[in-house]
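Record features (Swiss-Prot):
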SIGNAL    1-19  signal peptide
REGION    34-60  region 'Disordered'
REGION    91-137  region 'Disordered'
COMPBIAS  119-128  compositional bias 'Basic residues'
DISULFID  Cys142-Cys203  disulfide bond
CARBOHYD  Asn150  N-linked glycosylation site
DISULFID  Cys169-Cys232  disulfide bond
DISULFID  Cys173-Cys234  disulfide bond
CARBOHYD  Asn186  N-linked glycosylation site
Amino acid sequence: MKLWDILATCLLLLSSVSTRPLFHKLQPSKRAVVRSESPALDPIIDSQPETSNPKQASMEEQYDLTGLYPEQFEDVMDFIEATLGRLRRSSDVEPQMKRDRVRQKAAANTEKSGGRGRGERKRSRGRARSRDDRVKGQGRGCLLKEIHLNVTDLDLGYRTKEELIFRYCSGPCHDAETNYDKILNNLTHNKKLDKDTPSRTCCRPIAFDDDISFLDDSLEYHTLKKHSAKKCACV
């Protein structure tokens with residue numbers, strides 16, 4: 001579109017030059033000759049040249065105009081050639097700029113896709129490690145488990161249809177036993193200690209869930225505290 005706009009402008013300039021009146025550039029000597037010679041003619045003969053003088057003047061003006069056109073045409077043609085040269089250079093530069101922009105976009109997309117790929121690989125490795133940790137945790141003994149129950153199933157004397165998730169600690173603590181626990185177990189087994197000796201290390205909660213409140217069948221509110229385990233350990 002830029003090329004056609006500039007060409008249209010050049011054509012308008014060319015047409016304006018071709019139709020522009022150039023009477024102010026006419027040579028005054030020819031008009032002076034016509035005026036100086038006309039009074040010397042005979043009155044009888046003078047009537048006819050008066051009718052032919054406008055034609056003769058117009059032919060002279062036309063002759064002068066055609067003499068002036070080549071210089072103006074040369075200026076306009078020089079302007080058009082210079083404009084076309086600039087357009088050719090700009091048309092050669094624009095495809096190169098477009099190719100550079102395409103390369104830059106492709107490189108940016110490659111970097112983004114590479115970054116996403118690295119992030120996905122890191123996340124997959126993290127998920128794999130978490131699965132391994134869960135598998136290893138299952139073999140360590142003391143674990144946090146959960147079960148879905150009704151509040152009435154807790155046998156705390158409440159009659160309600162409310163439900164909750166009960167979490168509890170379960171599993172052996174052989175790996176967590178110290179020499180103290182081993183000695184205590186051996187002495188108890190050999191009956192060298194009384195039966196009221198504290199029991200061995202067991203899996204118990206070391207943190208509890210938040211308190212819960214519920215409405216029983218008698219429309220009374222109750223609150224349970226330290227009812228469910230949140231974190232377990234061998235103690």
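Glycine is treated like the rest: Cβ placed from N, Cα and C.
Between Cys169 (disulfide bond) and Cys234 (disulfide bond), the C-alpha separation comes to 10 Å. Classification of Cys173 (disulfide bond) by DSSP places it in coil, neither helical nor stranded.
Around Cys234 (disulfide bond), the C-beta neighbours below 8 angstroms that are at least 6 residues distant in the chain are Gly141, Cys142, Cys173, Asp175, Ala176, Glu177, Thr201, Cys202, Cys203, Arg204. Reduced to three states, the DSSP call for Asn186 (N-linked glycosylation site) is helix. Cα of Asn186 (N-linked glycosylation site) to Cα of Asn150 (N-linked glycosylation site): a distance of 42 Å. If you take the C-beta of Cys232 (disulfide bond) and look for same-chain residues 6 or more apart in sequence within under 8 angstroms, you find Cys142, Leu143, Leu144, Cys169, Cys203, Arg204, Pro205, Ile206.
Classification of Cys232 (disulfide bond) by DSSP places it within a strand. In this view, Asn186 (N-linked glycosylation site) is surrounded by 11 other Cβ atoms within 10 Å of its Cβ, with every protein chain counted.
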